[in-house]
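Enquirer: Quick paste from TrEMBL:
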DOMAIN    219-271  domain 'PAC'
DOMAIN    275-497  domain 'Histidine kinase'
DOMAIN    523-642  domain 'Response regulatory'
MOD_RES   572  4-aspartylphosphate
DOMAIN    690-787  domain 'HPt'
MOD_RES   729  phosphohistidine
């Protein structure tokens, strides 16, 4: 095209009339002219562009790239500038024999261009390229198909509701959960239509209402879904507000993830930990209990000191085991393990101080506790976890401080109408932490000084537990320390403000009557199905001068209760056939219908105490203690019954355990020939009394114990592995303390591999138990026959 300079203004007006932009650029890429339409669309002042480099002024105007430095068009087919949809082109023009370029745009508001725009936008969204124009409804179907296909492939329940909390849509997985024929069938329904339990349905809607009101998302909320047929699903729910273009909330989008299998695995893990806790603790019952008896009864100073060392070693092993199990529980805890309650914070701190006060006084340290006056008297949080966090921090501070003191500070950082952000800090003037090791102290099993140096006790778990619980409660730990000067560890927790009327009162004992008699006439019923464990329990009770009656099962115990008035009942929880918990329910029912005053009942468990306690108390027990029982624990039971007139709901006792035995590789499991069938010295380590050892070994060879072996054989013929596991555990507990090491290991291996579900090994291990039992009975019988004449009966 050739024109003159005089014709250029006329052409610019013509393009204005046609609502087309015109920008004229010379061969040096400087702007020569900008028409009125271009000024409007680009929102610029033309005079500021004339004579200036096009690329510079275009960029300064923050417009999408359109040309490169070689004058090539680089813009997309359709450009959106200031909400105008335009198609740009470039034309070479000769003006007065000099080369220029016209940049022209075209309004695509025409029908054909509207299709082009629509197809272009759908192509950007879905990647689908249209070969020809389609009816408008088919474009809508294309978008709907794309979105439905994408949502239906998300492996969780997806759904969305309008402001009236009516379902607008869902994916196929959600429709299947609700037993709907298609996703469209959910439209217009509410939670009341889909869930038969109206209370549960309303609880789901409460979350939606919060989102609609405040416009804030709720993420990873643990929630139980109950299907119309009663089937229960464990889920994590995330819900977010759906907003319009102007930002107003118009609905709720929800994504629910089914974690039922994961929850079942978590429950299985918890049960495994509880079982392991029980199995490890039970064999130590004889070690710690009998060592305490030996220390009390021996007169030889050397032997007395040896018994004391045995007792202390057992308790150190207990401490290590309890820390490891607590660390496992802390590491696997999640939001569902948070148990909030209203409690008085200052009382919680007082309880902590009482625990640490003896050590602080012994080490001649100072202790300062400062609780800001603005800290609420009552807060709502997980009391046990806060107690555990501060107990570990204070314990570490006392342990690593040899001079100076410890300071505990609590103050509020902020308040809202219902919440307060509390700052906790524990400072000490102890040895401090080297700079290079600060990042490691929260790691599991990490110690600043290795155990072989013997500087400090501990297993490197306290701070890992602290970090796990602080994180679980939504807080963050901060560590400040300087080697040789001391350490400060602090954390912030967001707590709800509590009120006294919501305070949970101390659990009251079921005890309504306690005989006021002197200790020498106290009559105790002992219920334990393991003969050896029962012997240990009897020896403790007898050493205190109390009368006792023993029962080997729940039925025998019930008969005793109906014929004799007891002052205290001590029962194992894990009895055969009828459990200790069921026994207590029977006792409480019998007392009620016969109008008999309630007797104090205490349970003994080898499982995790916190796990067992709730069910036991609910069944009617006054208190639960963790095995092994010791003299001090027995005294505590009796003291509480007689001085307080009711069994206290909080009793601090030593926790016990059994030395863990590593399970060897499979080829070693069946090679126990190197392990002695019966070791007299090992038996005497646990029971330093020839007469008692002789009596316990006779128990082992007696028909009563051997009947368990016969029952095991019967269970094997019926492939009842649940019964085999129970009997194996029972037999193992009896042989743990009498020197029959090979029998103990045979039971241990069978029990552990059976619990792990290792079917390939458990048949061989079962037969090994049967064989080793026969060998052990023969060996023990030979020993008994050999020493019958020298044993004092």
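Placement of Cβ uses the backbone N, Cα and C atoms for every residue, glycine included.
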Enquirer: Can you check what DSSP calls residue 572 (4-aspartylphosphate), collapsed to helix, strand or coil?
Expert: strand
Enquirer: Starting from the Cβ of the residue listed as 'phosphohistidine', draw a 10 Å sphere and report how many other Cβ atoms land inside it.
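Expert: Excluding its own Cβ, the residue listed as 'phosphohistidine' sees 22 Cβ atoms within 10 Å.
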Enquirer: Just give the helix, strand and coil counts over the domain 'Response regulatory' (523-642), going by DSSP.
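Expert: The domain 'Response regulatory' (523-642) comes out at 60 helix, 25 strand, 35 coil.
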Enquirer: If one measures from the C-alpha of the residue listed as 'phosphohistidine' to the C-alpha of residue 572 (4-aspartylphosphate), what distance in angstrom results, rounded to a whole number?
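Expert: Rounded to the nearest whole number, the Cα-Cα distance is 14 Å.
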Enquirer: Please list the DSSP helix, strand and coil residue counts for the domain 'HPt' (690-787).
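Expert: Summed by class, the stretch gives 86 helix, 0 strand, 12 coil.
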Enquirer: DSSP says what for the domain 'PAC' (219-271): how many helix, strand, coil residues?
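Expert: Helix, strand and coil residues of the domain 'PAC' (219-271) number 12 helix, 30 strand, 11 coil.
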Enquirer: Does the residue listed as '4-aspartylphosphate' have same-chain partners at least 6 apart in sequence with Cβ under 8 Å from its own Cβ, and which are they?
Expert: 527, 528, 529, 530, 533, 580, 603, 604, 605
Enquirer: I'd like to know the mean pLDDT over the domain 'PAC' (219-271).
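Expert: Mean model confidence (pLDDT) across the domain 'PAC' (219-271) is 84.
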